[in-house]
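These features come from Swiss-Prot:
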type	residues	note
BINDING	Asp13, Ser63, Asp443, His444	Mn(2+) 2 binding site
ACT_SITE	Ser63	active site, phosphoserine intermediate
BINDING	His124, Arg154, Asp155, Arg186, Arg192, Arg262, Ala263, Asp264, Arg265, Lys335	substrate binding site
BINDING	Asp402, His406, His462	Mn(2+) 1 binding site
Amino acid sequence: MSAKKPLALVILDGWGYREDNSDNAIANANTPVMDSLIANEANTLISASGFDVGLPDGQMGNSEVGHTNIGAGRVVYQDLTRITKSIADGDFFENEALTTAMDKAINAGKAVHIMGLMSPGGVHSHEDHIAAAIEMAAKRGAEKIYLHCFLDGRDTPPRSAQNSLERFDALFAELGKGRTASLVGRYYAMDRDNNWDRVEVAYNLLSAAKADFTVDSAVAGLTDAYSRDENDEFVKATEIRAEGQESAAMVDGDTVIFMNYRADRAREITRAFEADFTSFVRTQTPALAEFVMLTRYAANIKLPAAFPPATLKNTLGEWLSKKGKKQLRISETEKYAHVTFFFNGGVEDEFDGETRSLVASPKVATYDLQPEMSAPELTEKLVAAIKGGEFDTIICNYPNGDMVGHTGVYDAAVKACEALDGCIGQVVEAIKSVGGQLLITADHGNAEMMINPETGGVHTAHTNLPVPLIYVGDKSLTLKDGGKLSDLAPTMLSLSDIEIPAEMTGQVLFDLK
């Protein structure tokens, strides 16, 4: 069999386009390869946020949303909008998974624990959903409602949690029941890279009220954390308990509702509540009445989900498999789930003909300490796969722009972009050497805005700006403007001379000659 000439899609995570060069790590980095590609190859900008990816208008994109839209070849109605709509329609308050779980605890006189990322950021959760769950528990008769706050500072400004905490203090006062019971940064509660020592801190706080600090109010806990120079993301385990209040530790018969809807950073803390969990020794294992996931975090987590995934038929991965094509998915640990699970529309298992390759992300506290991450090793494997002649289609994600962008350290983000540029040069050379085709894009922006232009503070969140799309291959092809992420799969099928399934409603972004 002759060697295949692959079509590779390289996703530069967090590599957005912004006209303003100020505090723009991408524009100000020394990137001769990317500059040359923009000057000499077909390229355009495409949308990766808001309505174009199934989010509310103006809402910044994120990796889960981006990869789901890319892989689906159609705009996918995201969990954020789906859940928000259900609250507005009233369906949320009759959701069977939620009502059953709450009523089990309420009828036994036990507590309803509501936990999640306390944030208006809309990436992993939304505090409006958390407020609705609290109101629902109160209306159903819960007397003990405990809110466990994971603080953001990553998809929101680094010190922005106070407004949210005050909002919920006011809500509990209005309801006349319930309280905020704990605070902890998402660094501990929402790890996704098997840093079980961090997860253990959060688990002990939630299950046993074991904390580094105990204070009498949420705002006091936050103020103390700031005085220790801890931004929201890194706030240490803090119990909120005023004198005379009983502990909010979880006990037998309690119910837990986990209000994050994005799966990747919800899995580890959820697994810590499973009966057969062994990644660290648990000091307390309450026999909960129910633990409800807002969405399904993984197929092998056997817990109820309030909003199970909608099934996406004939995603790019499934369609390539049906057509007998060989495909490779490759990334570092940090974005491995995105090029596999999310790209496949929430399908955990590989399709026939799909190979997965994982490169371990470096074990550092924060990625500004190693901005190149594992890009050199990833590139070595990617180049070998391109030249190996085995695969028809290759999907690769480089996490650097996003993961280093999230640290808010500008110089490190510049170094990350420069490291990537060298890697892209090797990939382009490999593609050309085998007569293949290459598309370079991003799932959302991040590193192009390292300072918030409104506040002047460090900007660690994603952006709602467009992302590049570059094509290396047939010089006769030109790219259309006005595209979006969901146009990539039909475009790739067209480039591969494969028919496009009816479910893919995205447009082909080439003016085919």
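Heads up, the Cβ atoms here are built off N, Cα and C, so glycines get one too.
These numbers come from a predicted model, not from an experiment.
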Note to self: Are there binding-site residues among Asp155, Arg192, Ala263, Arg265, Asp402, His406 that sit within 10 Å of Ser63 (Mn(2+) 2 binding site), Cα to Cα? If so, list them; otherwise say none.
What the structure shows: Asp402
Notebook entry, point to check: What does DSSP call Ser63 (Mn(2+) 2 binding site) in the simple three-state scheme?
Noted result: helix
Checklist line | Whole-number Å value for how far Asp402 (Mn(2+) 1 binding site) lies from Asp443 (Mn(2+) 2 binding site) (Cα to Cα) | finding: 10
Note to self: Of the residues named as substrate binders, His124, Arg154, Asp155, Arg186, Arg192, Arg262, Ala263, Asp264, Arg265, Lys335, how far apart in Å are the Cα atoms of the most distant pair?
What the structure shows: 18
Check: What residue among the binding-site residues His124, Arg192, His406, His462 has the most other CB atoms lying within 10 A of its CB?
Finding: His462
Item checked: Other C-beta atoms that fall within 10 angstroms of the C-beta of His444 (Mn(2+) 2 binding site) -> 30
Note to self: If I take the alpha carbons of His462 (Mn(2+) 1 binding site) and His124 (substrate binding site), what is the distance between them in whole Å?
What the structure shows: 12
Notebook entry, point to check: If you draw a 10 Å sphere around the Cβ of Asp402 (Mn(2+) 1 binding site), how many other Cβ atoms fall inside it, taking every protein chain shown into account?
Noted result: 31
Notebook entry, point to check: Cα-Cα separation of Ala263 (substrate binding site) and Asp402 (Mn(2+) 1 binding site), in Å?
Noted result: 18
Item checked: Cβ within 8 Å of the mean position of the Cβ atoms of Asp13, Ser63, Asp443, His444: remaining residues of the chain near Mn(2+) 2 -> Ile11, Gly14, Ala48, Gly61, Asn62, Gly66, His67, Lys335, His338, Asn397, Asp402, Ala442, Asn446, His462
Check: Quick one: Cα separation, His406 (Mn(2+) 1 binding site) versus Arg192 (substrate binding site), in Å?
Finding: 15
Margin query: Spatially, and counting Cα to Cα, which of the binding-site residues is closest to Asp13 (Mn(2+) 2 binding site)? Options: His124, Asp155, Arg192, Arg265, Asp402.
Written below: Asp402
Margin query: Return only the integer: C-alpha distance in Å from Asp402 (Mn(2+) 1 binding site) to His444 (Mn(2+) 2 binding site).
Written below: 9
Item checked: For Arg265 (substrate binding site), nearby residues of its own chain (Cβ under 8 Å, 6 or more apart in sequence) -> His124, Arg186, Met190, Asp191, Arg192
